[in-house]
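Here the structure is laid out as structure tokens; the discussion comes afterwards.
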Amino acid sequence: MTVVAARHSSSGSQPQDVLQAAAELKKLRPMSPHLTIFAKWLTSSMSITHRFTGAGLSALFYGAGIAAAAGAGSADLVTAVAALPAPIFYAGKLAIAAPFAYHTANGIRHLAWDSGRFLTIDAVYKTGYVTLGATAVGTLALLMI
């Protein structure tokens, strides 16, 4: 005599109360502490900012070169900038000066790293704060020109 056990397939639709209970249980599960456990916001923020400022400054300088090659004369540019209202002029100046100062200061920091200096975690954070201070000073200096 052969006995075959009945199997119930779970591939069909489930009752709504079971799905609701599963959703509630899912809300109670702890979330994996992925990025929230890291205290390295300074280093990662400065890294991505260095990349963005480099890309932005490259686009700016390439755009200026293309505009010059296309025939936009410097006299036209000076006239257009002189016609800008003061708040827009200084906002534009800040939008160029701050990324330039940051990218320069952080580039010097990277050159120091390339020479094998300041590679401990403590030194990386200290040079990060020095870079931010140099960025502020450099930006203010460029705004005064």
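From the backbone N, Cα and C atoms, a Cβ is placed for every residue, glycine too.
Contacts of HIS103 (heme binding site) defined by a Cβ separation under 8 A and a same-chain sequence distance of 6+ are given as HIS50, THR53, GLY54, LEU57, in order along the sequence. Residues or ranges marked as heme binding site in TrEMBL: HIS103.
What TrEMBL lists as transmembrane segment is 52-71 (among others).
Taken from TrEMBL, the feature transmembrane segment applies to 77-102 (among others).
Residues or ranges marked as transmembrane segment by TrEMBL: 123-144 (among others). Residues 42-43, 46, 90, 93-94, 97-98, 100-102, 104-106, 108-109, 112, 117 of the same chain, all 6+ positions outside the transmembrane segment (123-144), place their C-beta atoms under 8 angstroms from a C-beta of that stretch.
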Exercise. Tell me, by DSSP, whether HIS103 (heme binding site) is helix, strand or coil?
Worked result: helix
